[in-house]
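Q: Residues annotated as substrate binding site in TrEMBL: A:Asp103, A:Ser104, A:Gly105, A:Gly106, A:Phe107, A:Gln181, A:Gly208. Here TrEMBL flags A:Asp103 as active site, proton acceptor. Annotated region 'RNA binding' per TrEMBL: A:239-245, A:263-267, in sequence order. As annotated by TrEMBL, active site, nucleophile applies to A:Asp258.
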Amino acid sequence: MTSFSAKHKPLPLVFNVLSECRTTKARVGKMVLPHGQVDTPVFMPVGTQGTLKGMLPEQLEKLGLQIMLANTYHLGTRPGPDVLKKAGGLHKFMNWNGALLTDSGGFQMVSLLKLAEITEEGVKFQSLNQQKAEVMLTPEHSIEIQNAIGADIIMQTTRWLDRCLKSHANPETQSIFPIVQGTLYEDLRVISANDHIKRDVNGYAIGGLSGGESKDDFWKVVHLCTDILPKDKPRYLMGVGFAVDLVVCCALGVDMFDCVFPTRTARFGCALIMTGQVNLKKKKYAKDFNPIDKDCTCNTCQKYTRAYLHGVVTSYPIACHLLTEHNLAFQLRLMKMIRDSIHENTFPKFVADFMLNLHPDKDYPTWIQNSLKAVNIELL
Amino acid sequence: MKFCIRNPQKRAPRLGILKNIEGRTNIEIETPVVLLHTQGGHIPHVTHEVFKLVSKEPQILQIPLVSMHNFQETMEYYNGTISEFIGNKDSLTCLTLQDPSNLTKQGHHVKEKVPIWTKNGKVLYDSEMYMNIVESFKPDMYYLLSDGDTNKTSAPKRISKAVEHTIIFNNQCLERHKKSNILKKAFVMAPIAGGYCLKSREKCIQAILKNTNELGGFLIDGLHNNGPEVEFLPFEEVRDVVEYVIKSVPQEKLCSVQGCWNPVNVLKLVQQGIDMFDTSYCRILTERSAAMIFPIDNTEEADSFEINLRQSKYVDDFTPIMFSCQCLACSKYSRGYIHHLLTVQELLAPVLIMIHNIHHYLRFFKKIRECIQNNTLSDLENRISEQYKNHQEKVLSAKTEEEPRRTYPRNDVGDVE
């Protein structure tokens, strides 16, 4: 077994593929990071500001969460790298002993585009913070913040990758994943992916998707990238977290995912189940004394009825906490089912059953039919 | 459920026990006790699971009907008790009408009905509707319906109406209680109305005393209209009324008040003989981002009564809220981290502050019982009252200088990604 307490020079990431699906590109792996092991394929919930939406790290540990994401841009603004350094890094600051991954701040370049000016040097943001007028996020600055945060895995995009690798201060404890870009242009994706695999990095991310493109385009890009990226390193598909997308993309060979959706939708009163969502605001749940999901073992499903949750959602913060816990448990359970079925070599059946459950009338969307056909899965 | 006094030779301060609790014969609750104030069935910001990380001791949840009114119909179809429904079957429950942490709107009275202000507006409750909900909730303890809409400034006419209504409600509800099989074992308490007029209080007490056998205790109602301002109610204003009521009701019965009484006033009320309070004060502090740090043990020292974690001086303060505190928030999280959570409006900030405040307040009540036992209550009062006085002056002067930045109450849900 690979261990971090190895006597030799420590590695910030060791990835081992434990089983591979014989039909699809899916695989089960174990990633060993400075702050613990991560079973892949993994879903990483998003703790933007150094906290996961009202949940205590004590609760997250109990749920079995191994890794979460934090945002470089937000933490770089508040509390800022100086406070994070003084605190001894984000792990200590937020009392989270599991693994952490930080993005590059590049996504905020897109989501806060109105506030950003992009030049060769870097990205200049009009700060959301009242104290400072502008924030310049250069690749060096992004790495400085990410070093101060101290996450196990940090991200950087192609154009600035070499500037980042050069200014990276903690190569022994933090891995930089380059991000394959190229939107929906297959030729650009091929160039980007081939460019990255030449470099000495511990894993790769696929970025620039989940931005509203059609699903028919989306899966083809993922399929193309996972074909090029080496099998012995983890592949992270950024911003993807709907259950159906997770199932398909695991079949396409992706190992890591993140998305704000499960925690965000919880705060709007929506609970996730295998066949979709339960919008607890709806009146029809007022006398429904069943749990959200009778197969779910989370604390919310053990103790609370839909009727109770219906009466508190959108009124009290505790309702957000209860639904967030359920939705996190749902994502973790789905990923475990995927891993177990790959291990037991029943993954194709799992995928087919999952899709049939979702579409009992077999009116499967074409992108699901085509993407799964590409990895040899026949739907029921 | 039965209330027994442990030191009957002395009227006040006194120690008592709530025991022989239906279905929980293994549980005893010591008084003076603080009920856990809830909204929608939970301590604000703290789920029952998180509360288990604060304390594993048995607790009584105070359930304000006004925050549960929207479940009225649901509960008619539900077979269990309110504690099961809200997901906390291990806790005891005490049903009350208004939410002591929110200011109750005055006026809008209708004959034989009392208004409550739910999130969907005004709802009028009469005795029948109220007792229907009590039967469907099946709480361990509850108050009879009352008209508590009086305060220091109430006109004589309002006071006499409040008494008149309360007497009618008490009688109607008690009639219903006597006939109810479901409520046979419930601990019933009668609210006493009458504002700051001793004659009116007397009238209300005389009417209620006819039913003493059915009652486990009393509530001194109508001292205020709830909400944050109760924190700064001068004790001198309420002293005479409290003293009069305590003197006039049978002394073997439990005597309670509701509202956000500050710790110094809690001590004074305990010294007068009050047995039961609630934690709405913790919510008031948490909503203004304040954490209590007043010293409870004589080994503890604090340079102020409470701290406001929003202040920028805490940005790189990596010490806990209170070094000597054993709560989860103090053992694992720093002032600087909570300050960060507050500045970015994250949901975890009030969770951590509330965990500490509730823990501190429960510890305070434990200390009160210990001090009554040892006859050292005045030491405790001396320890905190000077600090409280300085603190109150600071808060009140700051209040007049600048309006608070945030309006109260705040139940918003942040979304920043």
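Backbone N, Cα and C define each Cβ position, glycine as well.
Automatic, uncurated: that is what TrEMBL annotation is.
Owing to the predicted nature of the structure, the values given are computational and were not obtained by experimental measurement.
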Q: Using DSSP, would you call A:Asp258 (active site, nucleophile) helix, strand or coil?
A: strand
Q: Within the chain of A:Asp103 (substrate binding site), which residues six or more apart in sequence place their C-beta under 8 angstroms from its C-beta?
A: A:Leu69, A:Asn71, A:Thr72, A:Tyr73, A:Met155, A:Met238
Q: Let me spell it out: take the region 'RNA binding' (A:263-267), skip the flanking residues so only those 6+ beyond its ends count, and list any with a Cβ under 8 Å from a Cβ in it.
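A: Long-range Cβ neighbours of the region 'RNA binding' (A:263-267): 45-46, 52-53, 277, 320, 323-324, 326-328.
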Q: Using DSSP, what's the helix, strand and coil tally for the region 'RNA binding' (A:263-267)?
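A: Helix (H, G, I), strand (E, B), coil: 5 helix, 0 strand, 0 coil.
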Q: Where does A:Gly208 (substrate binding site) sit in DSSP terms: helix, strand, or coil?
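A: The residue in question, A:Gly208 (substrate binding site), is coil (DSSP, three-state).
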Q: Counting each residue once, how many in the region 'RNA binding' (A:239-245) are helix, strand and coil under DSSP?
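A: Tallied per class, the region 'RNA binding' (A:239-245) gives 3 helix, 0 strand, 4 coil.
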Q: Give the helix, strand or coil assignment DSSP yields for A:Asp103 (substrate binding site).
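A: DSSP assigns A:Asp103 (substrate binding site) to coil.
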Q: Taking the Cβ of the residue listed as 'active site, nucleophile' as the centre, how many other Cβ atoms fall within a 10 Å radius?
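A: Other Cβ atoms found within 10 Å: 23.
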Q: Could you say whether, by DSSP, A:Gln181 (substrate binding site) belongs to a helix, a strand or a coil region?
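A: The three-state answer is coil.
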